[in-house]
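Chemist: One structure follows; several queries about it will come next.
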């Protein structure tokens, strides 16, 4: 076993550390020379590297299954190394003296992890207060994302009945992005212990663009392309709402998650995952079935093409952002989105003016514009983007993504009572397929490892319950046989 002798005469084996209680008349020597007067083996620790090499060994499996397995491997080591006179049952109570990690709330309340009968009790998994708080905030964020996205979609549909100008509505709503950095700075003043001036905070966030900060070259090379993609994403989405119902638009936009995966796999060389390929195939199949649901009419085909284009622009925006800029902190993201608003005001304003004078998007007078609908749509879209970009500070990203897919049934209920949508079998199946693909894309990269661990844990727990049940049954039969034994005393 590769036994080495360390200074002081204490022998140690490779991968096995053996701590022992010294007797006053016995000094530690080589393992082969230790006298049988050694009473107890106090600790037995198997190195992680050895455990990994012997992953499928029966001894290691027994080691992780409880005290019985630990005794089994200890006896084998004792036979190999020449330890005799060892009593395995003598270490069962010594194992309780070993220091452990800080117990959680569930472990701290148990006196020693035992029941009144002396058997080890089952573990009670309880969430800590921080986890409960994060889940609570997650539910609030899901409801906020779902309500703001569904509300913006329905309000845009209502606005087009009086104001048929999707690009002008896109331009008007994007101008509100300018408020991102002021709102972030207000939160910074309220929450941060070290308060900075606006100029200091701005300079610190400008480091996101490089050592020179936000220069004119950086503005046109790293901000302007994203401003164009942002405008195209929103314009194509709003133009599709004019062509088809909001349920189809919202469910088809969920395909952007699949497009993000495909682009990340090709451009960013992200890890290949079979389950995400399946999700992408489901998304494409859902798009085809959604087109078939209305009989391939030109009106619906154009609307579906517009939504797919919007989802593609959104995916391209996310992948290029990760490729060119990487990840951004909250202040940097707020500054970047405010810069997109400035770009929209400076360079996109000319397009609604051109569309107005060419009567592509024309309105007779400014009094006929439903300003309440326009402002309401802009506020809802701003709220959606704020929660989606900064909600990660209080909850899990997966919960935020669930809010987008939950907006589909909300839009379906509204469409059922306000429009003439027909939920035939093909449309329902397409909605379910796209929703399933979206949920598969939310699985983490290590989902298969977690699943194997969960199944293994359940299997071990089932074996422990079966062993406890067998022990209880044996005790019951013994007591019953004692009671039934006849007495010959008079």
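Numbering starts at 1 and runs along the chain as displayed.
Keep in mind that glycine also has a Cβ here, set from the backbone N, Cα and C atoms.
Caution: TrEMBL annotation is automatic and unverified by curators.
Small disclaimer: the values here were computed from a predicted structure and weren't measured.
Here's the feature list from TrEMBL:
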COMPBIAS  22-31  compositional bias 'Basic and acidic residues'
DOMAIN    137-291  domain 'EamA'
REGION    1-31  region 'Disordered'
REGION    95-121  region 'Disordered'
TRANSMEM  135-156  transmembrane segment
TRANSMEM  176-193  transmembrane segment
TRANSMEM  214-237  transmembrane segment
TRANSMEM  249-268  transmembrane segment
TRANSMEM  275-293  transmembrane segment
TRANSMEM  299-321  transmembrane segment
TRANSMEM  333-357  transmembrane segment
TRANSMEM  394-414  transmembrane segment
TRANSMEM  426-443  transmembrane segment
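Neighbours and distances for these, please.
Modeler: Per-residue pLDDT, averaged over the domain 'EamA' (137-291), rounds to 90.
Beyond its flanks by at least six residues, the transmembrane segment (135-156) meets 127, 169, 238, 241, 246, 249-250, 373, 376-377, 380-381, 383-384, 387-388, 391, 394-396, 399-400, 402-404, 406-407, 410-411, 414 of its own chain at Cβ-Cβ distances under 8 Å.
For the transmembrane segment (176-193), same-chain residues at least 6 beyond its ends with a Cβ under 8 Å from one of its own Cβ atoms are 201-202, 205, 330-331, 333-335, 337-338, 340-342, 344-345, 378-379, 381-382, 385-386, 390.
Outside the transmembrane segment (275-293), and at least 6 residues removed from its termini, the chain residues within Cβ reach (under 8 Å) are 248, 251-252, 254-255, 257-258, 261-262, 300-301, 304, 308, 424, 426-427, 429-431, 433-434, 436-438, 440-441, 443, 447.
Nonlocal intrachain contacts for the transmembrane segment (394-414), taken as residues 6+ away from its ends with a CB within less than 8 angstroms of a stretch CB, comprise 134-135, 137-139, 141-147, 149-150, 153-154, 246-247, 249-251, 253-254, 257, 387-388, 421, 423, 431, 435, 438-439, 442, 444.
Packing against the transmembrane segment (426-443) from elsewhere in the chain are residues 247-248, 251-252, 254-255, 257-258, 261, 275-276, 278-283, 285-287, 289-290, 292-293, 398, 401-402, 404-405, 408, 412: each is 6 or more residues past its ends and has a CB under 8 Å from a CB in it.
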Chemist: Determine which residues of the chain contact the transmembrane segment (249-268) at the Cβ level, with the cut-off under 8 Å and only residues 6 or more beyond its ends counted.
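Modeler: Residues 149-150, 153, 237, 240-241, 276, 279-280, 282-284, 286-287, 290, 303-304, 307-308, 310-312, 314-316, 318-319, 322-323, 401, 404-405, 407-408, 411, 430-431, 434-435, 437-438, 441-442.
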